[in-house]
Every structure is written in structure tokens, then in C-alpha cells.
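Annotation source Swiss-Prot lists signal peptide at 1-25, citing sequence analysis. Residues or ranges marked as domain 'SRCR 1' in Swiss-Prot (evidence: sequence analysis): 61-162. The feature disulfide bond is assigned by Swiss-Prot to Cys87-Cys151, Cys131-Cys141, Cys221-Cys294, Cys234-Cys304, Cys268-Cys278, Cys354-Cys417, Cys367-Cys427, Cys398-Cys408, Cys467-Cys532, Cys575-Cys627, Cys581-Cys697, Cys659-Cys675 (among others). Annotation source Swiss-Prot lists N-linked glycosylation site at Asn267, Asn291, Asn458, Asn646. The annotation Ca(2+) binding site is assigned in Swiss-Prot to Asp551, Leu552, Glu724, Asp726, Asn729, Asn730 on the grounds of similarity to another entry. What Swiss-Prot records for His628, His630, His632 is Cu cation binding site, and it gives similarity to another entry as the kind of evidence.
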Amino acid sequence: MEIPFGSCLYSCLALLVLLPSLSLAQYESWPYQLQYPEYFQQPPPEHHQHQVPSDVVKIQVRLAGQKRKHNEGRVEVYYEGQWGTVCDDDFSIHAAHVVCREVGYVEAKSWTASSSYGPGEGPIWLDNIYCTGKESTLAACSSNGWGVTDCKHPEDVGVVCSEKRIPGFKFDNSLINQIESLNIQVEDIRIRPILSAFRHRKPVTEGYVEVKEGKAWKQICDKHWTAKNSHVVCGMFGFPAEKTYNPKAYKTFASRRKLRYWKFSMNCTGTEAHISSCKLGPPMFRDPVKNATCENGQPAVVSCVPSQIFSPDGPSRFRKAYKPEQPLVRLRGGAQVGEGRVEVLKNGEWGTVCDDKWDLVSASVVCRELGFGTAKEAVTGSRLGQGIGPIHLNEVQCTGTEKSIIDCKLNTESQGCNHEEDAGVRCNIPIMGFQKKVRLNGGRNPYEGRVEVLTERNGSLVWGNVCGQNWGIVEAMVVCRQLGLGFASNAFQETWYWHGNIFANKVIMSGVKCSGTELSLAHCRHDEEVVCPEGGVQYGAGVACSETAPDLVLNAEIVQQTAYLEDRPMALLQCAMEENCLSASAVHTDPTRGHRRLLRFSSQIHNNGQSDFRPKNGRHAWIWHDCHRHYHSMEVFTYYDLLSLNGTKVAEGHKASFCLEDTECEGDIQKSYECANFGEQGITMGCWDMYRHDIDCQWIDITDVPPGDYLFQVVINPNYEVPESDFSNNIMKCRSRYDGYRIWMYNCHVGGAFSEETEQKFEHFSGLLNNQLSVQ
């Protein structure tokens with residue numbers, strides 16, 4: 001098809017005019033670094049705001065209801081002074097595209113029927129709607145006519161839009177009403193520090209609230225500003241609360257500056273997760289006589305209270321920092337600080353929350369309770385991994401004013417729920433600037449590369465390498481978190497195959513040792529003076545990051561139910577001797593007439609994460625063991641220990657991963673790994689690997705252990721060779737009693753399944769819950 005030259009010229013000129021106005025996100029965290037050029041590779045009619053034809057009814061559209069993210073919700077239309085809904089009859093993805101563009105998103109990802117975001121109120125304005133997808137407004141699509149419908153609100157339609165915004169999109173507020181929602185992108189609002197005390201602090205906790213309009217940042221008049229507005233703004237920027245400030249200093253500053261005010265005011269209830277959910281307040285009309293928009297007022301100021309870990313002066317020195325009380329809720333399985341599966345403490349035991357009716361408001365209550373801001377996303381469908389144990393809460397419905405999730409309206413019955421429906425959150429956290437102090441170079445994609453850090457040397461900021469000596473997966477996890485790239489999938493001690501920045505080839509950090517919870521690499525322990533004998537160009541630390549990770553969890557109940565003793569002849573233990581599965585005294589045992597006493601049990605290891613568990617080494621590096629005639633893909637997959645009650649090791653064992661495979665899987669999940677015929681090894685997410693009690697090395701040699709009370713402990717993936725989303729649940733403990741002839745195992749539980757107080761009771765409780773007799 002030929003394109004008229006004039007049309008092309010007009011489009012090109014329009015593009016040249018528009019490009020300079022684009023601004024990158026004020027929000028620092030990936031993935032908000034939007035790549036604007038890809039927007040313009042799409043057909044122009046898809047992404048530009050159009051003038052509505054004069055013969056088309058003027059409407060406004062918003063996304064409402066029980067939203068889990070800002071870019072989704074029930075479709076509501078403002079027509080003839082009243083908000084109403086749209087019926088799902090004949091609705092299509094083409095209509096969803098029109099809706100999403102009308103509220104400022106590039107396109108629709110999907111649409112939902114049957115009031116999945118809750119039933120609306122008021123009239124059902126549109127039914128049997130048909131769009132081609134090219135319309136500039138929903139009002140231009142064909143339908144039964146305004147208000148002509150046979151639908152009820154349980155048929156209200158919803159949409160899920162792409163997270164990508166239309167560059168330069170402006171909210172159309174030509175319809176004057178006082179219940180209109182704002183439509184402000186998170187990158188279009190900021191807290192600008194004004195007083196010198198706040199200008200160079202991270203995070204920014206106090207300053208003017210400014211909205212970007214076109215190319216200019218504008219202040220908001222404080223005439224109609226309320227503490228509820230401040231509460232919402234602080235929550236957006238990662239702060240759990242707000243406080244009062246000194247208005248005198250700001251009044252003096254305002255009197256000396258020429259200010260440009262936004263023409264609208266805000267009217268938040270204080271329960272909103274995001275400023276875009278607030279209503280517009282009265283318009284700020286300019287006084288034509290005094291030429292003033294905010295007469296007798298000044299710019300709105302917010303002063304936010306950070307939690308202790310984000311306080312500008314450090315956790316211990318910021319006395320006024322927000323301090324959460326004894327936690328009754330926690331997050332597990334998230335890659336970033338402030339995200340994870342929601343778990344609640346009840347009767348001393350941690351349990352999960354079912355995602356029925358889970359939305360942004362309830363998620364925000366959890367986030368604030370933990371010292372973060374409001375929720376960016378209410379995560380459903382166990383997308384942050386499956387929990388273990390009970391499901392404590394269901395159908396949580398918070399109003400947004402609660403101090404804790406346990407204060408919300410909820411159902412304590414969990415019928416119909418399982419761990420595939422575990423709820424999670426992604427919370428707003430303050431911008432700390434950590435992301436700008438580390439980078440990856442030389443990798444094949446943005447998720448991998450040699451680690452380069454920015455540090456101060458001789459009064460200047462310089463980039464340099466990190467020594468790869470003793471660099472491991474825990475340190476790599478911190479780097480990936482700092483960059484907002486998810487979990488670490490690999491840690492490299494050699495990066496000679498990656499060409500880093502030639503101006504950053506000097507080692508400036510060595511001896512890095514992290515616990516795994518740090519916000520940045522600089523918070524990890526490291527050498528004061530750099531010591532890296534092998535150098536950093538070839539042996540610089542590197543990482544590969546991934547958005548998902550596996551999560552191995554041992555079934556404690558299986559261990560408790562299958563434990564028993566066996567006196568096994570040495571003649572049957574020669575292979576076990578070769579693989580060091582017996583205690584040291586076994587070398588002195590008569591190989592023909594002697595025997596060893598073995599504590600045997602079965603292990604059922606589940607992968608509850610979001611990706612497959614694969615050995616660190618490829619099959620080319622697996623080790624062949626001729627005696628057992630099999631390959632070991634991981635020389636140490638688990639540790640088995642028998643400890644005294646004070647924690648001293650009295651007997652030990654270990655299990656090499658001679659065969660990591662899918663024994664069984666949940667539901668319709670297909671097995672992917674099988675050891676037969678030198679097959680690939682691993683554990684698929686949603687599957688488990690069963691190590692039966694009757695296979696070699698599935699034991700602890702307790703021949704030399706005297707009778708008494710002990711702690712039995714199993715540690716999976718003990719050397720952190722393979723990354724996981726949660727290492728805290730890799731430990732399982734049991735109380736055990738051995739009388740010289742029989743063994744009892746009781747109170748078996750996975751690490752972190754109970755409160756610390758309950759854990760201590762388990763370790764000192766003398767009661768017996770089962771009686772496993774020895775088999776001799």
C-alpha cells in the first residue's frame with residue numbers, strides 16, 4: 001500500500017517534536033526503566049491519543065474494583081454525570097485494547113468476564129459492545145446503545161492492561177465532576193527535597209509534592225491538602241507512615257521562589273494503594289485579578305517516616321523510625337526486599353493466606369504492617385512459591401485502615417483452598433540509590449556479567465571489579481537484588497570470557513562475605529584493604545540473574561513416620577565405605593563378621609519454587625561411582641546429623657545426589673527428569689524426589705552413639721551450590737530418643753515453620769509422639 005508523502009512527513013515531524021519530551025522514570029527500580037523506542041515501532045494509531053470525533057459522545061473510562069495491580073480492574077464509564085459498568089457479552093480483546101489505550105496503557109494483555117474484580121454499582125452503560133481495536137474511545141464502538149442491556153452486575157467486564165504506558169499520555173479531565181479518579185503514572189509524581197537537611201539524604205523523606213505536566217514539574221496547592229493525601233503519597237514511595245513538619249521554613253522558601261501550581265487538587269481517603277486511585281478535588285482556578293492559583297496557600301509538603309532498615313542515618317541511629325511490633329506476619333520466597341508470600345503466625349505456627357478476594361487494599365495493610373509503603377501488586381496463584389503447613393486465612397477483605405491483617409474481615413476456614421492459591425505481595429520500598437552503585441558488564445544479556453561496583457577512592461568515585469575468590473551464590477543473590485534483577489541463578493569466580501569496562505579493570509573490593517539479607521553489596525563484610533592474589537581481570541566476580549528460582553522443602557512427616565534402626569553386616573556396606581557414608585570407626589570393624597547400626601529413614605523432597613532445581617554442574621562434570629554404577633551430579637546434596645541437645649554433633653551422614661529425578665508430581669504436571677539411561681537430572685517445580693529408606697547412604701551410622709535424647713537434623717543443599725528462593729526452609733529437625741535398642745522420632749518440623757518460642761519448646765519437650773521400634 002502506498003503512503004502519501006505528506007502523511008509520512010507529518011508523522012515524522014510529529015515524532016521529532018514528541019521525542020525530546022520523553023522523560024525516564026523517576027522510580028529507580030527495574031523494570032521501570034522504560035525503553036521508549038519500542039513504543040514507536042508500533043503503528044501510530046495504536047498508541048497516540050486521538051481527538052474524539054465530534055459526533056461521538058464524550059466519556060471517561062477508569063479501572064476500578066478489587067484490583068491486584070494498577071493496570072487492571074473493572075471497566076467503568078462516566079456518562080451523563082454518572083459512573084456505570086460494561087457488560088461482558090460480546091466483549092473482546094479488541095475492545096480491551098481500546099479501554100487500555102483510553103486510560104493510558106499501550107495495549108491490553110487480557111480481559112475478564114463475570115465480575116472478576118467484583119460487581120459494580122449504578123447503570124450498566126454498554127452491552128454487546130463491538131470494537132475493531134482501532135477506535136480512539138469506547139464510545140466509538142458499536143453497542144446496543146447507552147443503558148440498553150439485559151445484563152446484571154455479576155456480568156461486569158474487566159481488563160488487564162500492559163504495564164507499559166503511552167509516552168506523553170495526558171489525562172482528559174474535560175468532564176467536570178468531583179468523583180473522578182486521577183490517572184498519574186508513578187514516574188509523574190515526586191517528592192522534591194527543599195530544605196538543605198534533606199537534599200543529600202537517601203531516601204528522600206520530606207519535600208514538595210510535585211506532579212509532572214508536560215515538561216514541567218508543578219507544585220500542588222496545600223489549600224485542600226490533607227494528612228490522608230500525605231499518607232497515600234508516602235505509601236507510594238515506600239514509607240509506612242507520615243508525620244508533621246515545620247511549615248515556617250517552607251513558607252519562607254515559597255515566598256522567595258516563583259512557583260507553578262498544578263491546576264487540580266487531590267481528595268484521597270488515605271486507604272488507597274496509589275495516588276491514581278484517589279479522587280480529584282476541587283479545581284484550582286486562577287484568580288484573574290491577583291494572577292494567582294494558590295492565593296494564601298503554599299506548595300503541599302509531605303514528611304514521611306521510614307522503617308528502620310531504610311532510615312537515612314542507619315537502623316540504629318534513626319530514633320523516630322517506624323518500628324513494627326512483634327511480627328504476626330512475614331514475607332517468604334521473594335527476590336526483593338518487600339516482596340514475598342504472605343505468612344501469618346497463629347498459635348505459634350506459621351501458615352499462608354488463600355488468595356480468594358485478595359486485592360491491593362489488603363496487600364497494602366500487610367506492607368505497612370511490615371514497615372514498607374503500600375502494595376505495588378497483590379500477587380495470587382502462588383506466583384511467589386508455595387508455602388507449607390496450614391492455610392490460616394481466607395477471603396481477607398481489608399478496608400485499608402487496619403494496623404494488621406488480623407484486624408481485617410476474614411474467613412478462618414480454608415475449605416476449597418490449597419497452597420497453589422497462596423497469596424503474596426510486592427510492596428513499594430524507598431529509593432535508596434543502591435542500584436546505581438553496581439553494574440554488570442560483558443554479559444550476553446542484561447541479566448549477567450562481570451560485577452563492577454562504584455566506590456570512593458582518594459576523594460573520587462571510581463568503578464572497579466570485585467575479586468572472585470570465595471565468591472558464591474549468596475553474594476550473587478545480593479547483587480541481583482541490588483539491581484532489581486530477581487534471584488541469582490549462578491555465581492562465577494572466573495569471568496575471563498566476559499569483557500568488562502576497560503576503565504573498570506582494577507580490583508577495588510575483595511573478601512566479600514554476605515549473609516544474603518543485605519540491601520547492597522556494600523553492606524556485606526569485605527576486606528578493608530584489597531587482597532586478590534589472582535587479580536580481577538580474569539578472576540573477577542560475575543553473576544547471572546533470573547526472575548524465578550526453585551525452593552526445596554523436605555516432608556518432615558515422612559521422615560518421622562519412616563525412621564527405624566537396622567543392624568547391617570559390613571559385608572553389605574563396602575560401597576557405602578567407598579562413598580564415606582559410615583562413621584570413622586567403621587574402618588576398625590570386622591568386614592566379614594561385624595555390623596553397623598544405622599538410623600534409616602525416607603526423604604521426600606519437594607520443589608515448591610517457581611523454576612526447576614538443576615544440579616550446578618552439567619552432565620560432563622558428573623562423577624562416576626563404579627561401585628554403585630551411577631553418576632553423582634552433586635557430591636553433597638544433603639547432610640544428616642545427630643546432635644546433642646546443646647548442638648554438639650555426635651553422628652553424621654551425607655547423601656550425594658546420585659539420582660535427582662521426578663518421582664511424582666502434583667496434578668497434571670509432567671515429569672521432566674529421569675536418571676535412567678544417563679538422563680537429565682533435576683526436580684521439576686511442583687514435583688518431588690523420593691529417597692527411600694532402603695537405598696545406600698540413606699542413613700546415619702549411630703554405632704558409637706550412647707543411649708540418650710538427641711536432635712536429628714537434615715540439611716538440603718547445605719553448601720548453597722544451587723540457588724533457591726528461600727534457604728530458611730532447607731533445614732528439618734526432629735527430637736529423638738534412643739534407648740540402645742529402639743529409636744523414637746517426634747516433633748519433626750521444617751525450619752521456620754514455627755515461632756522461635758515454639759521451636760524452643762519442641763527442642764526441650766520430653767514427650768513422645770510415636771514409637772518406632774528397631775528392626776534388627
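Note that Cβ sites are derived from N, Cα and C of the backbone, with glycine treated the same way.
Sequence features, as recorded in Swiss-Prot, placed on the structure.
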residue	record	Cβ contacts under 8 Å, 6 or more apart
Cys268	disulfide bond	Thr226, Lys228, Asn229, His231, Val232, Ile275, Cys278, Lys279
Cys304	disulfide bond	Ile191, Thr205, Glu206, Ser230, Val233, Cys234, Phe237, Phe239, Ala241, Glu242, Lys243
Cys354	disulfide bond	Ile391, Leu393, Asn394, Glu395, Ser414, Cys417, Glu421, Asp422, Ala423
Cys367	disulfide bond	Gly235, Pro240, Gly338, Gly373, Thr374, Ala375, Val425, Cys427, Asn428
Leu552	Ca(2+) binding site	Ile605, His606, Asn607, Asn608, Gly609, Phe613, Ile683, Ile716, Asn717, Glu724, Asn730
Cys575	disulfide bond	His625, Cys627, His628, Asp696
Asn646	N-linked glycosylation site	none
Asp726	Ca(2+) binding site	Arg332, Gly333, Gly385, Asp551, Gly609
Please list residues from the chain of Cys408 (disulfide bond) whose Cβ is under 8 angstroms from its Cβ, counting only those at least six apart in sequence.
Ser362, Val365, Val396, Gln397, Cys398, Thr399, Glu402
Which of these recorded positions is closest to Cys581 (disulfide bond) if you go by CA atoms: Asn458, His632, Cys675?
His632
Which whole-number value in Å describes the distance between the Cα atoms of Cys131 (disulfide bond) and Asn267 (N-linked glycosylation site)?
34
When the Cα-Cα distance from Cys659 (disulfide bond) is computed for each of the recorded positions Cys87, Cys532, Cys697, Asn729, which gives the smallest value?
Cys697
Could you check the disulfide-bonded residues Cys141, Cys278, Cys427 and say which one's CB has the most other CB atoms within 10 Å?
Cys427
When distances run from the Cα of Cys294 (disulfide bond) to each of the binding-site residues His630, His632, Asn729, the nearest one:
Asn729
Whole-number Å distance between the CA of Cys141 (disulfide bond) and the CA of Cys675 (disulfide bond)?
58
Go through Asn267, Asn458, Asn729, Asn730, the listed recorded positions, and name the one with the sparsest Cβ surroundings, counting other Cβ atoms within 10 Å.
Asn458
What does DSSP call Cys278 (disulfide bond) in the simple three-state scheme?
coil
Treating G and I as helix alongside H, and B as strand alongside E, what does DSSP give for the domain 'SRCR 1' (61-162) in helix, strand and coil?
16 helix, 34 strand, 52 coil
Given the binding-site residues His630, His632, Asn729, state which is nearest to Cys151 (disulfide bond) when distance is taken between Cα atoms.
Asn729
Among Cys234, Cys398, Cys417, Cys532, Cys627, the one of these disulfide-bonded residues whose Cβ has the fewest neighbouring Cβ atoms within 10 Å:
Cys627
Euclidean distance between Cα atoms of Asn458 (N-linked glycosylation site) and Asn729 (Ca(2+) binding site), Å:
44
Filter the recorded positions Asn458, Cys467, Cys532, His630, His632, Cys697 down to the ones within 10 angstroms of Cys87 (disulfide bond), Cα to Cα, kept in sequence order.
none
Could you measure between His630 (Cu cation binding site) and Asn458 (N-linked glycosylation site) for me? Cα positions, answer in whole angstrom.
56
If you measure from the Cα of Cys675 (disulfide bond), which of the recorded positions Cys221, Asn267, Asn458, Cys532 is the nearest?
Cys532
